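First up is the structure itself, then whatever we jot down about it.
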Amino acid sequence: MRGLLVFLSLACLANAQHQALIDYLERRLLAIEDRISLWHEQITRYASELRELKQQMVSQLENLDKEKETLRTSLDSMGSRVDRVERELDYLETQNGAQPCVDVDDKLIEHQVTLVQEKQKAKYFKMTDCSDMISSIKAMKILKRVGGPKGMWTRDTSGASKKVYIFNGTAEDTVNVFASVQDLTLSQGFSLSSDLKLPSPWSGTGHVVHNNQVYYVSQAEEITVVKFDARNNSVTDSAVFPLQDHVPVYGLTSETLMDLAVDEEGLWAIYATRQNEKHISLAKMDANSLGVEQMWDTSCPRENAEAAFVICGTLYVVYNTMQPGRSRVQCVFDVNDMVTAEEAPLIYFPKRYGSHSSLKYNPQEQLLYAWDDGYQILYKLAMKKKLEI
């Protein structure tokens, strides 16, 4: 009996120890599970933070790439502007000479002035063998009346496009573009045209379109020639004309301070300044860089002048005869002195409605595109050689 009690006591003690071991192991397992769960949460949080950090870095790198491209574009633009300013400063230095910081010998000053005058009077070297001049107005065709009393219309003078460009008014920023002359004639107003928005308003009526580039005059504090690509709607270049104190180039078209023209030789600027206030001046420009290559003061008066155009390096200025609807070419200036005012034929324009606010010569067609009191007119020219005079 006593042995049985001892056995039972030992068995109970073994069971208690076994249960205590099991309880201990369960507590350890629970602690390990809790620690594993904590590690899992920490790993998940760290992975999420790493993903967010990666996204932030990718976004910042993309922004840096964009800012890098913007900075490169700005630097390129700034480099072009610096080059243009240097060209204009070089030109102004050749025209005005550097201001001396010390006393300079009078003979040296006279020599510098002489050099500038000789450069202005230097012989113009023609780019082509063109030697045509107007003999007479062969025919006139009134195509349309669209727009206000003053404006300008033209086609691409290089022949690169058949489109017709309408600059309606003297201070707007939207050009009406027709696909062809036929569309212009068939259109009710501007219904068949598309809009070409310029980055700034034009000034006056002295604009041209050449080789898909719109060259227009913009006036703020200074006279600026803007070169605008009509294909991708972007500014190709712009340049401040290197002269001050501009006055209207034509006495009867006060809104036009500068009139751009294109002939067989390229791009020209017709203008006037207070220094030579009574007469019209002429400049040859580089159509690519917009730099001024050479300048001339002509003897053509501004008074009663309506418009002007250039053919083969010869400037033709059209004047109002004070008879309603009658105008004539009354002054001619040739940059190579091949034609004088006395030798040039007297050219009358057919009777019209009012006076020309613009006349644009197209060397590909040998036509004049005229704007007369809202009417779009074409003049067909009869030509002859200058040497035949």
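All positions are counted from 1 along the displayed chain.
Placed from the backbone N, Cα and C atoms, the Cβ positions cover glycine too.
Because TrEMBL annotations are produced automatically, they should be read as predictions rather than curated entries.
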Record TrEMBL, residue CYS130, disulfide partner from CYS312, CYS331: CYS312
Residues satisfying Cβ distance under 8 Å from CYS130 (disulfide bond), sequence separation of at least 6: ASP263, GLU264, GLU265, CYS312, GLY313
Cβ-Cβ neighbours of CYS312 (disulfide bond) (radius 10 Å): 25
